[in-house]
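Features reported for this protein in TrEMBL:
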- B:Glu259: active site, proton donor (ACT_SITE)
- B:His284: active site (ACT_SITE)
- B:Lys397: active site (ACT_SITE)
2 protein chains.
Amino acid sequence: MLKNTLFFKTTKFENIRSYANRINDEFESGDIGYYHLIDTSLKLIDESKEFIKDKEYIKNIILVGMGGSSCGVKALKDLLFNQSTSLKNLYIIDNTSSSILMEILECIDIKESLFLITSKTGNTIEVISIFKIIIGYFNLKLNELQDYFIFITDKDSNLHKQAKDLNIKTFFIPNNVGGRFSILSAVGIVPFCFCGYDAKDLLNGARACFEDFFIHKKDEILQKAYHYCTHKNANINVLFSYNDIFRGFNEWYIQLIAESLGKKQGYKRIGLTPIALIGARDQHSFLQLIMDGPKNKTITFLKIKNLKNSPIIPDINFKFLDSSSNNIKLQELLNAQCDATMHALISENLSVDLIEIEYLDPWHIGYLMYYYELFTSACGIMLGINTYDQPGVEVGKLILKNILNSR
Amino acid sequence: MLKNTLFFKTTKFENIRSYANRINDEFESGDIGYYHLIDTSLKLIDESKEFIKDKEYIKNIILVGMGGSSCGVKALKDLLFNQSTSLKNLYIIDNTSSSILMEILECIDIKESLFLITSKTGNTIEVISIFKIIIGYFNLKLNELQDYFIFITDKDSNLHKQAKDLNIKTFFIPNNVGGRFSILSAVGIVPFCFCGYDAKDLLNGARACFEDFFIHKKDEILQKAYHYCTHKNANINVLFSYNDIFRGFNEWYIQLIAESLGKKQGYKRIGLTPIALIGARDQHSFLQLIMDGPKNKTITFLKIKNLKNSPIIPDINFKFLDSSSNNIKLQELLNAQCDATMHALISENLSVDLIEIEYLDPWHIGYLMYYYELFTSACGIMLGINTYDQPGVEVGKLILKNILNSR
């Protein structure tokens, strides 16, 4: 179960009915592919398992990808990969800064490694550059690349064309699935399966969210989107996630919201600004600003109700030190801190909601990620923008080409 | 050399003269201790070296601290600790979420470990709780705690009183140095020295920044603060740091700005909202929103000019893949991406500035951190608030006490 409690005033359903219809139209049109990945990705699970099953010698899976090609997988890794023991290590290379890249290359044995080169467009300069550095570092010949690399990209992209030239196995992202909505496509499913996890549970969780929204007509997502899009003073949206393991998820959330909802529309500039925090840590950092600073923020609290393996704080009493947390689980202290902070913000009349995850498992994370994708689509419709493009990043790419070509 | 270039319109000096005088008064009053750490921390370096010099058996330094007690050390660790080889590993525990804590405890040998329990007030519930979990995990007797723990706290705090009871070595944070301004006090100096690094260079860099500001009267900091505090539409301040190793520094920046500058003042709520990004990665995440979304952001770009050990992108030409980055260092590509993105934002008439660090070493990082502390003080003076308190976080602490006591 995933429970979402809204602590702000909701609106009458008639005010959001038209938006509900439009998101339904968007789903039924088939133009936006991510809605349908809960079905279309099923056979991908079999394809991934089939590919990896006789490759027990592979100990390291190294994903190379930027933005939508890595954020979601990072989220899955941080949340789920420590829980049980995978037979393979997953490394993620998502930047052109060199220290992490070189550390990874130095610690792996190429004979036990498989690189997933992921780029939807097939043209991402960071990914292509790192691909070449890997080839150079291990002194690989072009005719042996097929042993160490697979590509994940759109059909007929330049990366796909190159794959055919080099005889490299390629998994495809559907053309109508945007990068930041691609976690349930090959981008996420392939590494998840390669590392031995059950991607069916992930899809089942997402399907449950789909059904709650489209079939059972639960309206929290639409209500929250409506509040965010009409509460003009509060256009900064804080996600306060209580546990370090939400770090990757926070990055994914920021990419999803910022790139989807920051858009020009004629002469107007529209956008919600996402901020993601980790509790309890950032109570000692950002909380002061939320409590006493301008009321330009909404806040979503995110917590896990039941977490395995949390240690108990021992019943040791020191003369001068606080004993109020003695004898409880550390996770209980963390969740009590979440509740306390939430109620402090509610008492300041800030817009707050709470997402509670019953257990930490692929089903719940599939639900959570689909929840945020639907939420983003709903906001996009309410703001009247194109949620699925990213025209603003092209100028910088052109300037970069000029800089590099003028060398 | 650290160079700060402002790409927005600056003001005449007469408009900022009064603020310059007031920050000078604040410095000369002696009330705000961080200004003076460049002098007062000198003898702490000797004290730290003296304490650790005959303890070669210690392989692991584990810092336990929240907010100001850990953010700055994390920044130093990420930026400087990978550069050369330290004789000791530094671990940082900065949250009540259990996974990282338990991983660290499982991988260390207690006989080779020293825990730094850091809390300015001496009452931080997270730190006290983790202190007890460590004692319980290793089954330590109270009379042997002095072998494995040192405390870093204010004189006469509860933690100091407890230290006297347990005979535990304590390093002091000056009473008039706030947590988020404490990186050059025992909070940062002690772990830095324990791990074998030269804290004198750190202080020398900070002193150079002090002299540029107070003696050579360089005015970039005041100009930038003035622009931020008067540019009311743009109250979100983005720091775009180009390299993964700025991750900890970004966290430190967020804490410094958010907790210092988000304050109530009578019925008014005042504050700048910090956001920190990592380039090139977040060009694929947040950049779209900055380019096309509301013009409510200023952007500081931060880059390292000369970085050692950056690999060269090999000159491999594939039929279908981009070759424009062939034959250059990865760091050159990263810096070209920084320049390209910066010029794209300038072309949208956004407020941009650039900080260039010549080399990555303690001197430059000392300069950079002191730069941001002075900048924060200048903003506080211009906004007319108390930069150094954090009254807004107390309500949540009271609610937490009630929750815990009602169990």
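Counting begins at 1 with the first residue displayed.
Cβ from N, Cα, C; glycine included.
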How many Å lie between the Cα of B:Glu259 (active site, proton donor) and the Cα of B:Lys397 (active site)?
16
List every residue in the same chain as B:Lys397 (active site), at least 6 positions away in sequence, whose Cβ is under 8 Å from its Cβ.
B:Ile125
Specify the secondary structure state of B:Glu259 (active site, proton donor) as given by DSSP, simplified to three classes.
helix
Count the other Cβ atoms sitting within 10 Å of the Cβ of the residue listed as 'active site, proton donor', across every protein chain shown.
29
